[in-house]
Amino acid sequence: MNLKHFFSRQTINCISRFNCRILSHYRTASTITSFSSSNSPLISPYRNPRYPKPLYFFGNFIHSAQASKPSDSGSDAENESEEDETMNEFLSRFVWIMRGKLTEVYVDYDKNTIDGMLLIIVGTVVSEMEKGGLEQMLGGAAATPSQDFSEDLWKTVWEVSNVVLDDMDKARKKEKMKAFLQSEEVKEMYRFAGEVGVRGDMLRELRFKWAREKMEETEFYQKLERLRKEDARAREEGNETVSKKSVTANKEAFDSDYVVAEEKPKVVSLPKRHGKIKYKIYGLDLSDPKWAEVANKIHETGEILWPQEPKPVSGKCKLVTEKIISLQEEDDPVPLLAEWVELLQPSRVDWINLLDRLKEQNTHLYLKIAEVILSEDSFQTNMRDYSKLIDAHAKENRLQDAERILKKMNDNGILPDILTTTIMVHMYGKAGNLDRAKEAFESLKNQGFQPDMRVYNSMITAYVNAGRPNLGETLMREMEARDIKPTNEIYMGLLQSFAQRGDINGAQRIATTMQFAGFQPTLESCTLLVEAYGQVGDCDQARNSFDHMIKVGHQPDDRCVASMIAAYEKKNLLDNSLNLLLRLETDGFEPGVATYSVLVDWLGKLQLIDEAEGLLGKIAEQGETPPVKVHISLCEMYAKAGAEKKALQALGIVEAKKDELRPEEFERVITGLVDGGFLQDAERVQGLMEARGFATAERLRVSLSSAKALRSKRPTIKKF
């Protein structure tokens, strides 16, 4: 853009020639204006650093042009003062930018000539602004360019004006932002952010963000208030116009029809309604019949969400209620419940209120009465009532009571749903009833339910308790295939089951799978591996597992050391076990009951009675009671040695704890008694074994029959 083409050469020469005369005339005009230079905001230096030198002659020119406008009132003066301030700021910014543009183009001209150009431009701009305001001038500028300037010059003037308006708007928002930055709400959020740990640039950005949002919110509500006032003003003006018209029309009608009105009085009535009333809310026609159905459904839903309150209990009914709550578990609640029903006529909410009070007072009585009222019609029994009772009995290990509730449910034609079947899987798995647990598990699958972690855990526990860890491992692989990660409890349960059965391969598979699953070897898992190898007599692998446990940072406890010595016992490696104990004792290990029990059993098998009794004294020094395994070893040792009195004491303790014995332990006691010649006692122990449901091995039967044939003359130990 070349500004040299904006002005003609003749215009520039005239400006140079008459510049002094214009300025002198300007000073003369400014002295006779009503605005003194000291009071005018344009005369005061402009504060913005971008425009440090306002044009004083230009400000006086504007004031001189506006001095002839009289003020009608104080408010008009204030409005004019505000407009003057805005106009002053606009013109100061405008002159500053235009001076720079003219100076860049007309480098050879002096300051007075440039001032003359600015004077002509500003005078034209002010005259345009006085015609219709600043915004109107800028809006119509492109369509109606001034005849005083060329099209390019006029275009430049509007571009500069738009830039000035943008700068003024930014400055206004900046000043408003300063006020909102210091508002109490923003400062409170700023303090809170600082307390929670926000610092630096992020805290500063958040403060500006909150201030900007507060400013936008305030401007929005101010705009709404302004629109409301404008609307109210428009309505008032419209009402005044309508009222004036109505008064005029009424007066004319009264003058013309006065005589007719005297003869025929006017009858006022409401207009007749045609059709049905339509109720519309937010565009919905609520007169449609379908909304009546919706209202009914809402009412029914409200009854479910906000159930009725229980009926107030008073008088005789209150006494009966207290009697029901004070019942004992062995009492029959049916008569009192029948009387209570007759007095109160309860609904379901009344029954639930009574059951809640019973549950707080006596859990067993609650279960008993809850089972009784399942048959009450007013209770409105549903599936959840049955499942809650089954779950409560299952948690207390009352298998028979839970099955009785289940039978009642089936008799009433209610089939177990997924939740009830899941409870059954947990119950039978915990009780060790593998067949019923499998039946419930298959029922879940047939209903389309994908077993979750808890169901798998219960089923695997059932297989473990039944001594079938291989099937449990199959379920574990199924879990892994479905991306369900087995828990540490599942792995440890399977590992323990394999270890107790002496299944080395199974135990090693589980241990390896645990490591791949992210579970590091623990003292318990390493001990179980040592026990597994000890069960089969593989003392070398047991020792490797034992040393690996120490290597990974676990210190062996009494049980782990006992398992390692038991592995050496299988091979009768007494020297290795003693060397292990000596090495561990130097590291600070002290043998406990488990280690001494294994040594007593080992020495008893070797018939080293004095040494075994010495270790027995070590157990007594620790203040612990010897376990049943020690008494079995002592019974076998004393019976084979013919020590009748001591054998009698040991056998009496074993018989007292017969419910804790396993089949192999029964066989060991019987074998010791047969070898010692105590046939009658051996037969009695055999009877105890068969009473427990354990079958006697054929080898033991043959041995007992052979001993009877030989008619041993050794004395019989009587039952103590």
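Along the chain as shown, the residues are counted starting at 1.
From the backbone N, Cα and C atoms, a Cβ is placed for every residue, glycine too.
Per TrEMBL, the feature compositional bias 'Acidic residues' maps to 75-86.
The helix, strand and coil residue counts that DSSP assigns across the domain 'PROP1-like PPR' (371-503) are 101 helix, 0 strand, 32 coil. If you look up TrEMBL, you'll see 371-503 marked as domain 'PROP1-like PPR'.
Summarising the annotation, TrEMBL assigns region 'Disordered' to 67-86.
The repeat 'PPR' feature in TrEMBL is assigned to 382-416 (among others). The average pLDDT computed for the repeat 'PPR' (382-416) is 89.
What TrEMBL lists as repeat 'PPR' is 417-451 (among others).
Annotation source TrEMBL lists repeat 'PPR' at 452-486 (among others). Within its own chain, the repeat 'PPR' (452-486) is flanked in space by residues 422, 425-426, 428-430, 432-434, 437-438, 441, 444, 493-494, 496-498, 501, 503, 506, 509-510, 513, 517, which lie at least six positions past its ends and keep a Cβ under 8 Å from the stretch.
According to TrEMBL, the repeat 'PPR' annotation covers 522-556 (among others). Mapped onto DSSP helix, strand and coil, the repeat 'PPR' (522-556) counts 26 helix, 0 strand, 9 coil.
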